[in-house]
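One structure below.
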Amino acid sequence: MVALALRSLRKRAGAFTASFLSMFLGSAIIMAFASMFDTAEASGATGQARSTLVTMAMVVGGWGLLLVVFAVTSTLTLSVRQRAAEMALLKSVGATPAQLTRMIAGEAAALAVLAALLGAVPGALGGRALLALLHGTHQVPGDVSYAFGTFALGTGVGVTFASATIAALITARRAARVRVTESLMAAAAEPGRLGRRRTVFAGVFLFLAVDEAVVTMTMMRGKGTDAMAASGQADIFAAIGLALLAPVIVRRATALPAGPVRAFGVAGDLAVTNLRRRTAAMASAVTPIILFTGIAVGTLFLQATENAETARSGVAATADQKGIATLNLVVIGMVVLFAAIMLVNTLVAATAHRRREFGQARLAGATPAQVLGTVALESAVLTVVGVGCGTVASLFTIIPFDVARKGSVAPDGSAWIYVGVVALAAALTGLTALGAARRAVRVPAVEAVTA
Amino acid sequence: MFGHKARPAGTAPSAGEALRLEDVRKVYGADGNRVVALDGVSLSLPAGSFTAVMGPSGSGKSTLLQCAAGLDRPSAGRVLVDGAELSGDGEAALTKFRRQRIGFVFQQFNLLPTLTVMQNVTLPLKLAGRRVDKARAREILARVGLGDRLGHLPAELSGGQQQRVAIARALVTEPRILFGDEPTGALDSRSARDVLGLLQEAVRVYGRTVVMVTHDPVAAAHADAVLFLADGRIVGYQTAPTAEAVAERMTHLADEVERQRTSGHVQAGV
């Protein structure tokens, strides 16, 4: 089965692109920040410089870890679900559930090691850039030189490997449990039910978000810049919590825009039906939109308020504050990039998987334009739902921080920041889905349904 | 059942030509490894006929069906459905052409998995922007024996039931001609008989024209006539087929083709 896993990786590399990219990028981010610890150790930095470096490695790396586990689980689940027919085939020729689990876990583990080793290169470069930033803002003295060592490599490979394997085991258990005939049917109709584990995790993350928000509003009140540390993570927790609830949210939410979407005629009709009947697949597409919007909006407005408050106080920003500001932007840049790649890959994989369905619609008399229209409407609904949830998640950071920093809930910062993030999310979602769908309808319909 | 309400049941419409192929060729592949799937096929099928197309694997019967049904374009030659030439550029034009004239039933049913039985049947009307007469869709579904399954999803139905939904879907637009690509290929013999009975009914009672590709002599025997295809050419025609006669002819088809080819060569050599 391990041999089969390696063979399946080699022969159909395309199917694993999404999982590989999230592992690759995730390990790069983790290693970039973890190398700050190596740097602190190797250079023998002391005092403020050491604590800055170690904090950076632990705290920021921690966010990355969370995102990696999440992204790998969601992409892997998608890729395994897409192979439901293949799993059923393997079972029909006598593969036991344990053998299937070994195959899926084997694929994920091999992929993780490869991704993490390759991720070391951008990880080291990113870490170097990060240190240069810390030098530039005088948070770390210039004589502290960069080191990329065992801690970075160990953490990067270890975390990626562990999260991939855990994700694979969770996914495989679910895939292997389904009986042969059911697996073929499951590919057709999938209800948007929430597993108990998923509900529990969602509850935990939302609780953490509320906790961070309350801590920020109470204990951090009037503590100035320090409030950022606590409030900055609240939007991430909230975004992950809401993303875990995405199947339910998507199902509920499609009831609301059904009217306006149906007004677009048959394409609207089909879009609404797909959103309702394929809730699980649609929810995995919403997930990265929520993360993207929640984290980007939350962090950007957090920084905007901080900048405005510093300016209002009349004193020039300290090196420390400037450093944090730049760091915030770096983190957000990486996280947003990560979420964007995850978004693109989830959508590409999900849309390519629908080639047969598109073919069936075309054979029933749909023109390519009608198929693309349906996809466009679905994307629009997904964007609205994702941006809505993301905005809610961002409030977990913005409001508590504003309360703590200046005693009012109104955020500073231009509305254009928000418009920009939303436009980017909408453009990424729409263009990716339409591009992938366009490729899918280029195949002759008769071929598409037999493939 | 399947016809216009204005037309009294039991009378076939005035005889005319439902399908005409003129020297249709289909060539696949690049110059290096060309495969000639159809090698100059000409035929004419009258309206209200039920024709089976038979031939060994690779004889070009599915290609013939796809070219005739506007799902694929011939490399050369003309296809006329109900007197109108299949033309126009691009998939959208072909789709619009098919919507008005052609129904299609596939071996793998090809119902949309997310749509209910009723939604699947009314989909072609919605896509074509035509008025959706739900009462009529319900009536057709009742006639194919699925009046009580309107809200089911395809995955909840047996293969035979799914194929009956597909037939209802193909007939709801009242097409002049109905194509079937191995419509009984994935069914047990009883479901297959039901499906063939429905196709016969569409022809005999309501004057639709049916063209069906099959490799099953028993299925072919339900048709009025059988066309035999080999190596992309029509090599035989048989009216009032019986399963035995069709099976017999299929068995000797290779010899027949060989004989025709050698005689062709002799003529060419003269």
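Cβ coordinates are placed from backbone N, Cα and C, and glycine is handled just like the others.
TrEMBL has this to say about the protein:
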- A:61-173: domain 'ABC3 transporter permease C-terminal' (DOMAIN)
- A:330-442: domain 'ABC3 transporter permease C-terminal' (DOMAIN)
- A:12-34: transmembrane segment (TRANSMEM)
- A:54-78: transmembrane segment (TRANSMEM)
- A:109-134: transmembrane segment (TRANSMEM)
- A:146-170: transmembrane segment (TRANSMEM)
- A:200-220: transmembrane segment (TRANSMEM)
- A:232-250: transmembrane segment (TRANSMEM)
- A:285-304: transmembrane segment (TRANSMEM)
- A:324-350: transmembrane segment (TRANSMEM)
- A:371-396: transmembrane segment (TRANSMEM)
- A:416-437: transmembrane segment (TRANSMEM)
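Sequence-distant contacts of the transmembrane segment (A:200-220) (same chain, at least 6 residues past either end, Cβ-Cβ under 8 Å): 194, 226-227, 230-231, 233-235, 237-238, 240-242, 244-245, 393, 396-397, 399-401, 403-404. Outside the transmembrane segment (A:416-437) by six or more residues, the chain places 285, 289, 292-293, 296-297, 300-301, 304, 340, 343-344, 347-348, 351-352, 354, 358, 371-372, 375-376, 378-380, 382-383, 386-387, 390-391 with a CB less than 8 A from a CB of the stretch.
Distant neighbours of the transmembrane segment (A:324-350): 15, 17-18, 21-22, 25-26, 29, 32, 56, 60, 63-64, 67, 71, 74-75, 78-79, 82, 126, 130, 133, 136-137, 225, 228, 232, 281, 284-285, 287-289, 291-292, 295-296, 299-300, 302-303, 306-307, 317, 425, 428-429, 432-433, 435-436; these residues of the same chain sit at least 6 beyond its ends, with a Cβ under 8 Å from one of its Cβ atoms. Note: the domain 'ABC3 transporter permease C-terminal' (A:61-173) comprises 95 helix, 0 strand, 18 coil (DSSP; helix = H, G, I, strand = E, B). Using the rule of three or more Cβ pairs under 8 Å, pairs at least 6 apart in sequence, the transmembrane segment (A:146-170) is not in contact with the transmembrane segment (A:232-250). Looking only at the domain 'ABC3 transporter permease C-terminal' (A:330-442), the predicted model's pLDDT averages out at 87.
Residue counts for the domain 'ABC3 transporter permease C-terminal' (A:330-442) by DSSP state, with H, G and I taken as helix and E and B as strand, are 99 helix, 0 strand, 14 coil.
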